[in-house]
Structures are given as C-alpha cells and as structure tokens.
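Feature annotations, reproduced from TrEMBL:
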DOMAIN    5-297  domain 'Carbohydrate kinase PfkB'
BINDING   14, 15, 16, 42, 43, 44, 45, 46, 143, 256  substrate binding site
BINDING   187, 223, 224, 225, 226, 227, 228, 255, 256, 280  ATP binding site
BINDING   250, 252, 286, 289, 291, 295  K(+) binding site
ACT_SITE  256  active site, proton acceptor
Ligand code: RIB
C-alpha cells in the first residue's frame, strides 16, 4: 500500500467551559472567578488542530453528538484544514464537554463529560481501517474507550504505521497495548501510573522510563513541566530543557500542542531530540495564551520564536 505523509489523530472532541480563578476551589467550596470562556477543546481535537497548524496533513477520527456543539466543532475542523471524512455522529449522546478551572499559576483542573466520545467503537474503526493503514503516524489519547484505542493501535502497528500514544487522562495500560506503541508521551502523573514509580527527580524519571520501555515501548518522552522533557530512545537518555523565561497564563492544551508538534517534527525528518525542541517551543507559546485550541500556535509563530 502507498505510504503518505499523513497524520491520523484518533480521539476526543469536547467543548471547553473555562473560568480563570485566583486558586482552585476546595471540595464543597464556592469561589468567584473571572469571565466565562467557551472554546473548542478535547485532547484529540486539540492535537489534530496543533498538528495541522504546524504543517501536518491531518485526518481526525472522532465522534460528536447531533447538537450545536458537535456542529460547531465540525466547522472548526474544516477551517483548520483537517480531513473530516471520518468524524462520526451519535444520535443518542451529546457532544463531549469539559469543565475547566485555571488558577493564577496557570494550573488547571478539568472534568470531562465524554458524551459521544465514549461511544467511538471498534466498528467505527473498521470503517477507517484503510486510511489508518495508509498513514505515516497514528496519534491517540485516552478520552475514548480503551478497547477502541487498543484496536486501532494493533491495526496501525501491524501495517507499519508509527503509533504514538499520549496516555491522558492517566490510566493503567495493558502490556498488550504498550507492545503496539512506538512512542509514549506521558506527563509525570501518567508515567507514575504506568510504571508504578514515584517520580521526584531526574533519576526516578529515568527509572519510570526504563520500566515503560521494558513493557514494550521503544521511545518514551516524559514531559516534566518546568523541568523540561526526559527523552529515552535507543538506550540513551536526553534531558531537553524548556525556555525558563516564559510567563504562563494557562497550561490547558499545552500537552496537546506538544504531541501534535512531535508528529510534525518526525514527519519532517527531524531527530527525536529536534522534534522535542520544536514541540517545546510550540507548547511554550501555547501557555502564554488562554484556552486550549485558541492558544495553539501556527508554524510561523514557532519559527519566529525559535529564531529569537
Ligand atoms: O488537554 C486539554 C483538554 O483536556 C481540554 O481541551 C479538555 O477538553 C480536555 O479534554
């Protein structure tokens, strides 16, 4: 089969309801916040938009509800030059929604009501088999059923497609799934859940990466927040720092921007270290702006930031 330079993103599509507050509320507490912002989101959708804005040729596989949020999302993807031929619609469940609070330190708290996302099934994936098998990269996250992720990973892996998983939200992963993943991109919490290692410094991060590697994943990229990124590949470890002078206002969607950017870097023939550097720059721009999809930079902005 002819291989193209295509990225398939398989995952969730949400509408984000976001409020900035001084601090995150405690259980049982009501606090006053700033203005309400409603924006397109969902880890899958954000990653698809990031990969497209940064220069990738993207097909997005997701499921929306038959409602205003779903229709708005579809329009967004079309405007973003994303192939929408494999966006399924669910007549019974509403589109996904995420309730997000962001504090003064740019940290967030997210609750997702998955709606139609949770009905994206193996049968839906069967309808996408050909396009998945003809792609270069399949990028996924965990806001859709895990059986669907496992099924798609197996199809793609067997077809020689590079399979990349951002295991968010954090979840234990079967060896069966990990063995079909080429590149895993967890944050600290996700790496701890998958490896069973508490990460407190560079050494424990390496230990977590080693254990994930032993479970079958070739390349592990642990995002360590302000401590940068630990990359483990081909037996070597690389610590790639982030720009320390950035003034973050909202980290929502930064991880998604990073994942989309990694795919573009790989497709353009960058080394893994270069791809992580490119992704760090893109994610670094996204945290300076509010919202998930709203904050994702275009390629030109990343190139300008790299030069400065
Ligand atoms: O990663 C950020 C995203 O997580 C938000 O856009 C929200 O929809 C949730 O999926």
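The chain as shown is numbered from 1 upward.
Glycine residues also receive a Cβ, built from the backbone N, Cα and C atoms like all the rest.
When the binding-site residues 14, 224, 228 are checked against ligand 1, 14 have a Cβ within less than 6 Å of one of its atoms. Looking at residue 286 (K(+) binding site) and residue 256 (ATP binding site), their Cα atoms lie 10 Å from each other. Neighbour counts were taken at the CB atom with a 10 A radius for the binding-site residues 14, 187, 252, 286, 295; the maximum falls on 14. Look at the binding-site residues 43, 226, 289 and count other Cβ atoms within 10 Å of each Cβ; 226 has the fewest.
Each of 249, 251, 253, 254, 287, 288, 290, 292, 294, 296 belongs to the same chain as 250, 252, 286, 289, 291, 295, is absent from that list, and has a C-beta within 8 angstroms of the C-beta centroid marking the K(+) site. Nearest in space to residue 252 (K(+) binding site), taking C-alpha to C-alpha distance over the binding-site residues 16, 143, 187, 224, 226, is 16. Take the mean position of the Cβ atoms of 14, 15, 16, 42, 43, 44, 45, 46, 143, 256, the recorded substrate site; other residues of that chain with a Cβ within 8 Å of it are 11, 12, 13, 40, 41, 96, 98, 292, 293. Counting Cβ atoms from all protein chains shown, residue 256 (ATP binding site) has 31 others lying within 10 Å of its own Cβ.
Of all the binding-site residues listed (45, 224), 45 sits in the most crowded Cβ setting, with the most other Cβ atoms within 10 Å.
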